[in-house]
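**Q** What TrEMBL lists as signal peptide is 1-24. Look at TrEMBL and you will find 227-250, 292-320, 326-350, 362-387, 393-415, 453-472, 484-505, 517-540, 555-582 tagged as transmembrane segment.
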Amino acid sequence: MDRIRAFLVAVAVVTICGVPQVRSTASDHRYKAGDEVPLYANKVGPYHNPSETYRYFDFPFCSSAPVKEKKEALGEVLNGDRLVSAPYKLEFLTEKEAEIACKRKLTKEEVVKFRKAVSKDYYFQMYYDDLPIWGFLGKVEKEGKTDPADYKYYLFKHLVFEIHHNKDRVIEITVRSDPNALVDLTEDEPVDVDFMYTVKWKETNTPFEKRMDKYSLSSSLPHHLEIHWFSIINSCVTVLLLTGFLATILMRVLKNDFIKYAHDEESADDQEESGWKYIHGDVFRYPKHKSLFAAALGSGTQLFTLTSFIFILALVGVFYPYNRGALFTALVVIYALTSGIAGYTAASFYCQLEGTNWVRNLLLTGSLFCGPLFVTFCFLNTVAIAYKATAALPFGTIVVIFLIWALVTSPLLVLGGIAGKNSKAEFQAPCRTTKYPREIPPLPWYRKTIPQMAMAGFLPFSAIYIELYYIFASVWGHRIYTIYSILFIVFIILLIVTAFITVALTYFQLAAEDHEWWWRSFLCGGSTGLFIYAYCLYYYNARSDMSGFMQTSFFFGYMACICYGFFLMLGAIGFRASLLFVRHIYRSIKCE
């Protein structure tokens, strides 16, 4: 089937551009003729709704033997994998021809269920010796028919497995449906189904270590490589031009400022000051809601550390294709282990701002990101339970995550907070702060917070815009994104542009004698997260075929949490860059 072939090509992108070659996801099992090789049925779901998947036997398939569930790791459960023994027996080097796996008489209700699944392009996923295989449940015959009531619905009942082996190891497996073995599901009538399968074995010279290379077809096509490299070159050129332009202007203006202020100090002490030097007594005045500010800085720093560790693991080849659940496991474990960084950063900075209620600050830090994520998870998990989908986490998994939070995340957060409180670090302000704040002069509308955030977020977003499609196609589609070297370059560009544009806007804000730059720099740095969420709206409506309440709520719910995490992380980057800049320029002049 052309469609299945296209589906198989589109489902995987593997490591290139310097990333280590893909290794096998299976243990090095060697088999003898007649040995039973494990075949597991994973899940069934509509092709266009990747989050809406169901257990294989939630549909009226049959099995000739008792169904056994495979024990799943934490990341596999979070990924929605629910592996069970499949109804087909594929012994090593044993060929079979049209063998009946099992028989079942479908009731009217079961016929309707299968017909709805076929009409929504449901596919199944299985794993044979940890190699993934896919296929569609059936087909809809629409040729020559304009009225949907005249469509014919068919269920595939005969699967043909073609397996390649290299001596005593399984190298490759494909599955296709016999187009002549169909079950008519058009009418609401009971029907007898004989589920059959054929097994064919072929020898190959492909070594076991390279058996996942076939999934690199999509990424190896010149078309895809050209698009990726074009996006990188486009981003780099745009960033270099714009940052160079801004840097030239900023350095020239600063140089003139330094010369001017030095001349003023030598010639006329009583001459009226203007610009950013005029507010030297207010620029280091602590921000409002400093506990929340320190908590946001701590959470953002933790998320930046988490992202950095994920990239390190990706670049060394940990997240190779179909290493099921590795990414989710890494996210949970690393987030738990880095919570001490959040506690230390928040408490240390809060104490530098002369805060006293560090316990409340620590609680705020721990709940600033986890709180919205927990609320979102509770709602979406309830939706998944209502749909009886595999995205609903079992109670045991929820208990495991709670224990990780209670026994690892929280203690490390507290320990980090205590270390930060006792660090005795002082806020390094080169200028003395006056007792009373100066009044901020009236500012034009484009210097207000929201227009500044729009300007600050647009440039970093434009640098990552092209690559976002591939990321979304992986997270919310059937592609596997593992070109992490390109993604890492894009991430570095994002950080550089975010830091630079935030510094530039902070300078212009100070030059306008607006000394409330603390929150502004954080909001401007994090505003790229808002642009990414706006891109979600575009992607959902224009670039995807997702539909239904569950898929829509999962997409916008979890993307809101991801974009919020980007907001905190990039906000912390923007503020840190602005703080270094502000300290530098005020340390370079003489302030009375």
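Each residue, glycine too, has its Cβ placed from N, Cα and C.
Fair warning: this is a prediction, and the values are worked out from it, not measured in the lab.
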**Q** Sort out for me which stretch, of 292-320, 484-505, 517-540, has the most Cβ pairs below 8 angstroms to the transmembrane segment (453-472).
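**A** The stretch with the most contacts is 517-540.
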**Q** In terms of Cβ proximity under 8 Å, which residues at least six beyond the ends of the transmembrane segment (326-350) contact it?
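**A** Contacts with the transmembrane segment (326-350): 73-75, 78-79, 290-291, 294-295, 297-299, 301-302, 305-306, 309-310, 313, 318-319, 358, 361-362, 364-366, 401, 404-405, 408-410, 412-421, 423, 425.
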**Q** Near the transmembrane segment (484-505), which residues from the same chain, at least 6 beyond its ends, have a CB less than 8 A from one of its CBs?
**A** 15-19, 228-229, 231-232, 235-236, 239, 242-243, 246-247, 250, 307, 311, 314-315, 319, 452, 455-456, 459-460, 463-464, 467, 471, 520-521, 524-525, 528, 570, 573-578, 581
**Q** If we skip the immediate neighbours and take only residues 6+ beyond the ends of the transmembrane segment (555-582), which ones have a Cβ under 8 Å from one of its Cβ atoms?
**A** 51, 283-284, 296-297, 299-301, 303-304, 307, 368-369, 372-373, 376, 379-380, 456, 460, 476, 494-495, 498-500, 502-503, 506-507, 510, 517-518, 521-530, 532-533, 536, 540, 546
